[in-house]
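K.L.:
Submitted below is the structure of interest, expressed as structure tokens.
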Amino acid sequence: MHKEESPYMKMIQYEIKMIKMFKGFDRAKDIQYVYTPVFSSLCGVKLDSNNKAGYLLSGSMWSDGRISIGQCDLVESWDNLSLSQRKNLNYRYQMGCECRINTCYTVPCASTGENECLWTDWLLDNSLNGEQARQYACIRRSDMSCSWYWGGPPPEKELLDMSDP
């Protein structure tokens, strides 16, 4: 890792070995580096670069093709992910790409449409890593509505019915 100058702030460049990409194939092919602000006050994150830890990273792409990660992105040690989260990455989350997750910060909190799941972890647990985040996936059901589905093995059949979202 080394620091690099940016027109806006000092950045840390982490060299990564990408093992699997779950989303974004159309925009990025082989990612070798990710960038984050040096200071946590600017939403920078610290990755353990000494022990070759595995991470699940989400971020955004700059206009020049570089990938940035920060505190508002999902940056989680692979070992800290629940079994449901790991399974959902491969089987369920792609079923929710048409769904919108609406975070509930205060009561009342109501859904604004069928294409939405209400995320209540922050409201109930004061945490972004609560029961919903760790055990559920927001997916599109066969009736085209979106709802939370408890993690588990993927369905055996191609088309889903109302009993199995």
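Yeah, the Cβs are placed from backbone N, Cα and C, and that goes for glycine too.
Below are the features I grabbed from TrEMBL:
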- Cys99-Cys146: disulfide bond (DISULFID)
- Cys104-Cys109: disulfide bond (DISULFID)
- Cys117-Cys138: disulfide bond (DISULFID)
- 1-97: domain 'NTR' (DOMAIN)
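What's the neighbourhood like for each of these?
P.N.:
The local packing around Cys99 (disulfide bond), expressed as other Cβ atoms within 10 Å of its Cβ over all shown chains, amounts to 21.
Cys109 (disulfide bond) is surrounded by 14 other CB atoms, counting those within 10 A of its CB over all protein chains shown.
Here Cys138 (disulfide bond) comes close to Gly96, Cys99, Ile101, Cys117, Trp119, Cys146, Ser147, Trp148, Tyr149: these same-chain residues lie at least six apart in sequence, with C-beta atoms under 8 angstroms from its C-beta.
In terms of DSSP helix, strand and coil, the domain 'NTR' (1-97) has 19 helix, 23 strand, 55 coil.
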K.L.:
Here are the disulfide-bonded residues: Cys104, Cys117, Cys146. Which has the lowest count of other Cβ atoms within 10 Å?
P.N.:
Cys104
